[in-house]
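**Student:** Let me begin by handing over the structure; questions about it come next.
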Amino acid sequence: MNFLGNPRSHTAAFLPVCWLLLNILKPGHCHSYDNRYAGDKVIRLIPKSEEEALALKNIYHQLKVDLWQPSSISYVSEGTITDVHISQNASRTLLAFLQETHIYYKVLIEDLQKAVENENSLQTQRNRRSLSEYNYEVYHSLEDIQSWLHHLNQTQPGLVRVFSIGRSYEGRPLFIMQLGRKSRAYKRAVWIDCGIHAREWIGPAFCQWFVREAILTYKTDPAMKKMLNHLYFYIMPVFNVDGYHFSWTHDRFWRKTRSRDSKFRCRGVDANRNWKVKWCDEGASAHPCDDTYCGPFPESEPEVKAVANFLRKHRKRIRAYLSFHAYAQMLLYPYSYKYATIPNFSCVEFAAHKAVKALRSVHGIRYRHGPASQTLYVSSGNSMDWAYKNGIPYAFAFELRDTGHFGFLLPEMLIKPTCTETMLAVKNITMHLLKKCP
């Protein structure tokens, strides 16, 4: 099996077709999730006043909705786009309430189960059409991604080194890929992580795409050659390995880690609220059942602890931190936890501006960019702010496609255009790092 997806590559490695068949046909690879989303809806609302916002907050609490955006009920305010996943039974109550109060709404997804099953059907079809090579235009399970990592580690020794920095709560290895020409004892580095929130599948898809493009174009693209010769990229394709696996086997829209709380039945911590920077302040929840639960203490999650330890150890050489999320079409930089201007604002803002301009040049997709607190919302305890506060001067968070039409169910047909445009943005940021700011 060709793990670079290019039959002309001389360094490609092949595995028996039966290996891929087993991975496609094994339980959990394409899952109906026990019909758990039958009749569920995704509804968009934009409150036109603070009174409407307060009314929505109250009923969201009562109905225990799953907010797709924003990530917390506390963020619901006048003019804020609110995408709500709600069960079939609760949707009747919500729709009756909206009609009674004359709050405008739009149903984005009429039957979530059908949307999920359609996603799974397309996955199976696309995988079967490409048994001869690793397909970068489909979503892959954790097992597939780990096999991909190990194979590139064996077949690309001049550019790739894969290693583990620890284990997850459920005991899974936390794999990192070091990507770059092994030419110097000391090189500056860029950190890239994807999949800190389990349901955001486009993130891990981009991490894989980035690696493929870097390896395939290293000898032909002067910019890529310069990047890999002068920098190491530390890439974590799946940050939240337990949650990502769970999103493939049990709950497609799971967000958090899978750790247990001794006092509550609810599981998991928001891995992007668990960092030691204004921990559990605004935009985070202290309740274990909330999607933005900050955890019992900073770095309580072994996944967060392992990455924080690695970044601390290498912070003198790591000059950029890039984290990939979905969805909103934004490029964000610090601060998230406060309304303030970072000291190197002009340099970071220029890099962000050039990146979104480059991104837009590919398919015309518009991204907003700016400080996270002003562009998205105030949130505390996140990885981007932590990286910046710990001496990494370029810290960015991408919110990839789309803006809500598909939400977390971004179709596989949009993986390639999303990754192609994002690739250009990342190259722009990296080249700016090499040319401009220290």
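The backbone N, Cα and C atoms fix where each Cβ goes, glycine too.
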**Student:** Given that Swiss-Prot annotates H197, E200 as binding Zn(2+), state which candidate in H85, H314, H325 belongs to that site as well.
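**Tutor:** For Zn(2+), Swiss-Prot names H197, E200; of H85, H314, H325, the listed one is H325.
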**Student:** Mind checking which of C289, C294 has the disulfide with C266 in Swiss-Prot?
**Tutor:** C289
**Student:** Report the same-chain neighbours of R199 (substrate binding site): residues 6+ apart in sequence with Cβ closer than 8 Å to its Cβ, ordered by sequence.
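**Tutor:** Once residues fewer than 6 apart are set aside, R199 (substrate binding site) is near S247, R252, F253, W254, R255, F408.
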**Student:** In the structure shown, which of the glycosylation sites N89, N153, N344, N428 has the fewest other Cβ atoms within 10 Å?
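**Tutor:** Per-residue Cβ counts within 10 Å for the glycosylation sites N89, N153, N344, N428 bottom out at N89.
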**Student:** Go through H197, R273, H325, the listed binding-site residues, and name the one with the sparsest Cβ surroundings, counting other Cβ atoms within 10 Å.
**Tutor:** H325
**Student:** For C289 (disulfide bond), what is the tally of other C-beta atoms lying within 10 angstroms of its C-beta?
**Tutor:** 13
**Student:** Quick check for the class: what is the C-alpha distance, in angstrom and rounded, between N153 (N-linked glycosylation site) and H325 (Zn(2+) binding site)?
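**Tutor:** Distance between the two Cα atoms comes out at 26 Å.
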